[in-house]
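Feature annotations, courtesy of TrEMBL:
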COMPBIAS  423-433  compositional bias 'Low complexity'
COMPBIAS  434-444  compositional bias 'Polar residues'
REGION    407-444  region 'Disordered'
SIGNAL    1-20  signal peptide
TRANSMEM  35-58  transmembrane segment
TRANSMEM  167-185  transmembrane segment
TRANSMEM  206-229  transmembrane segment
TRANSMEM  235-258  transmembrane segment
TRANSMEM  270-298  transmembrane segment
TRANSMEM  318-338  transmembrane segment
TRANSMEM  350-373  transmembrane segment
Amino acid sequence: MKFPASVLASVFLFVAETTAALSLSSTYRSGGDRMWQALTLLFSLLPCALVQLTLLFVHRDLSRDRPLVLLLHLLQLGPLFRCFEVFCIYFQSGNNEEPYVSITKKRQMPKNGLSEEIEKEVGQAEGKLITHRSAFSRASVIQAFLGSAPQLTLQLYISVMQQDVTVGRSLLMTISLLSIVYGALRCNILAIKIKYDEYEVKVKPLAYVCIFLWRSFEIATRVVVLVLFTSVLKTWVVVIILINFFSFFLYPWILFWCSGSPFPENIEKALSRVGTTIVLCFLTLLYTGINMFCWSAVQLKIDSPDLISKSHNWYQLLVYYMMRFIENAILLLLWYLFKTDIYMYVCAPLLVLQLLVGYCIAILFMLVFYQFFHPCKKLFSSSVSEGFQRWLRCFCWACRRQKPCEPIGKSDLQSSRDRDETPSSSKTSPEPSQLLNTENLCSA
């Protein structure tokens, strides 16, 4: 039975970020910054409440008679209690022999084109641990992108405007960045396990390192770009946020309405139609929050029973990173044109170059992950290198087709000039040699 390290990491980030945010909000209060205090508390307490609801929803405690658990969740102590429960199950699992086990069937990764199906016995204790890990993974994603991401953006913006970085603020920003990166990492692992549910997925340590570096560069550069743009054009950043928000929020629903599928009723049997709509809207909100800061790694599909598209769409991945790179470049250009005196001692061209190169490094680590360290790369119809070679061949073929067209265009222009200089009689009756040359050019 695996050690529940992911549960411990989730609880540690949850407690550390909440404690640092509460401490910093008290500092803002003592300094008279009521607005910064209110926003810091909002981005700290809102994800706390959402994490409690997520843990209750996954474990279905609302339909069971567990008043103590509900009370602890109301006191925002639910993750600590769940962590204590996880380690009690883990340390007691080897002492008692379980009379009931369930058998799961998983397929191994193909070797030499063959894939074997294996059976594995899963006891009640291990099944409970799997449920706890799944609940904490979802809670980490919610905390990261609905709390830590706006918190990091807010604290970095305050530091830029005040031109000062305090110890408490730097600590909160560091923990928030780690929380976002960890949430993005869990999102990648969840996406892999959902898409390849019938396979036994084993993620290697180098894959975790590669994902961590990919997400760190991607999220850090994105947050810095947004903060720089906000510091000089506060009104226009609202437009940018609304465009991003409605684009990602409405996209899954537009696909659902265009598909003509019936409204999904199998999310949870205890939920009514209104409850199902609320859950779907919350999932769409989470999907939007993830994509505003980084690639979500999963595509929300409302008409699917799993609510997740299991097909890997390279086209959507390419379009997302191309559009995001262009957007970052435009925002940095506008910041460079409208920067104020607070950036007097900042080398603006070098900062722009560093941010763009940092985002390119994130894309590079992403390509390295999909090419070498993805646990299910053997199931891909085409690898990253093959796709790049195919794109390079198409580009070279297009360049070769354009080269023969250039002398043809010049010869056509020269022949038209010659016809203009000849008498009118020669225009009405061209020579046979000219007709032959024209036919050769057209055939060419």
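Cβ atoms here come from the backbone N, Cα and C positions, even for glycine.
Unlike curated records, TrEMBL annotations are generated automatically.
Residues of the same chain lying 6 or more positions beyond the ends of the transmembrane segment (318-338) and with a Cβ under 8 Å from any Cβ of it are 221-222, 225-226, 228-229, 231-233, 236, 240, 291, 295, 348-349, 352, 355-356, 359-360, 363, 366.
Looking at which of 35-58, 206-229, 235-258, 270-298, 350-373 has the most CB pairs under 8 Å to the transmembrane segment (167-185), the answer is the stretch 206-229. Within its own chain, the signal peptide (1-20) has Cβ neighbours under 8 Å at 44, 48, 51, 76, 79-80, 82-83, 86-87, 90, 93-94, 125-126, 129, 132-133, 136-137, 139-140, 143, 147-148, 151, 168, 171-172, 175-176, 178-179, 182, 186, counting only residues six or more beyond its boundaries. Counting Cβ pairs closer than 8 Å to the transmembrane segment (235-258), the top stretch among 206-229, 270-298, 350-373 is 270-298. Away from its own ends, the transmembrane segment (350-373) comes close to residues 204, 206-207, 210-211, 213-218, 220-222, 224-225, 295, 321, 324-325, 328-329, 332-333, 336, 380, 383-385 of its chain (Cβ-Cβ under 8 Å, at least six residues beyond either end).
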